[in-house]
Amino acid sequence: MACRRRLLPCAGLGLFGVLCWVWVSFASFPDDQLPLEVFDTVDRGAFLPQSAFREMEFASIASYKGPGNTDGRSNKQLPILLWWSAGLFPHFPGDTERIDCALSSCLVTSNRKVQLYKRTASIIFYGTDFRAYEAPLPRLPHQTWALFHEESPMNNYFLSHAPGIRLFNYTATFRRESDYPLTLQWLPSLDYLLRPVAVSLEEKNRLRREGMAPVLYMQSHCDVPSDRDRYVQELMKYIQVDSYGKCLKNKPLPEHLEDTATATGEEPGFMNFVARYKFHLAFENGLCPDYMTEKLWRPLHQGCVPVYRGSPAVADWMPNGHAAIIIDNFPSPKALADFLRHLDENDDEYTRYLEFKNLKSITNTRLLEALETREWGVNDMSKPNYLNGFECYVCDQENARLAAERAHRKDPERNPPPLPKMASNSHMGCPLPSPGYGQVQDLPADDGWLQIWPQDYWQSLDQAEGLESLIRHNESDPSLLWRHIQSITERRARGKH
């Protein structure tokens, strides 16, 4: 299934990718029309697998090529892209398709039997599912690795360490520095921000006089790396907070909203309920530059003020300089509470935080340009979803690389080899988790957060170094990872690492 829980923005778009400027076309081809000998042999440096293509369904349909795509090759001549993660293949039906992208064409498949084929040019991984001890080894010199990771850094801290991220040649992550940035994945459009406020300030003030808290906290995912509950618990000492969900719950939700409380969608009844609050505590579960989710964009959409902690660079993407309240700008929870009370009691100053609802008040050109120029769309039938967009990016990059390699082999003096491409830590690298409030050295040894997240972060570094060692030694058995980690640890203890 292409769209997982956190891949909601791509839901329903697979059939419409043909309409976008990258002109993605999905084709299936009957396998019995393609004899085995048309496929390149495998890399015999490892082993000879059975033909994966005998089990693949193909059927010829019209191709929708982009204006820059002059690729006239038949399917038997195209490079292959292998989607490695089980259950994530952004096409249907079957497990193999042809894609015709902006500049070139490829075959894409989820059938792992093609892993060692020479025509398999790149393997695409879903970051949440990537495990060092399950990596496709040996890593072949003719293949690149591509990473798709739009989810929280907490899902896989392997990717936040340099030895891990630099194993990949192409990236699509929430970081703006990645090759195919997904930074605004939870912001469907500019119109989403401009939607009129759902509940008027007059109504919010009336509810406040009746005893409703000014601040909403809605969370059922507790014990996360950002340690948000620890901060909120301290904040509650200084200002009234209505907390729903499993974490720090002090008020019950109406029964009819219980099933939608943790949804990332926008069920009208739930949205109208939370829109009554002036301020929403918007804490990401992991802290990393450019990691921003619906927790930030949803209150802006509703006309509430997000009180935000997540991306330290969030101000770079706000509509203007006063659309969100950044928690890290305050020295303490008490100082933040004092400021929120001040806004609660001063309508004119509170209203300044909603001025972005007028298009003329959106002054952030970075935000406007990013929304205007991104190649993928969210619920936009004129653009591909970001899964299909990224695979087309990889397809075009790989065809360019392969063409440059052929030219170099033909005339090395006139055609230099293509430059090696490797992801850097800026494509993902997220910091060591820190306590939501206070200093790590002040936490008791049996603190639950302390026992989980710092350890998980550093164990992920061990695995990144271990996999890098496996690849460097041309190992074919990923289960040897633990032996390599032990060897690295011993060398480090002797001061030789």
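Please read every residue number as a count from 1 along the shown chain.
Note: Cβ is positioned from N, Cα and C throughout, glycine not excepted.
Looking at CYS392, CYS430, the record from Swiss-Prot puts CYS395 in a disulfide bond with CYS392. Comparing Cβ neighbour counts within 10 Å across the glycosylation sites ASN169, ASN474, the minimum falls on ASN474. Just so you know, the Cβ of CYS392 (disulfide bond) picks up 30 other Cβ atoms within 10 Å once every protein chain is counted. Across the structure, ASN474 (N-linked glycosylation site) and ASN169 (N-linked glycosylation site) place their CA atoms 18 angstrom apart.
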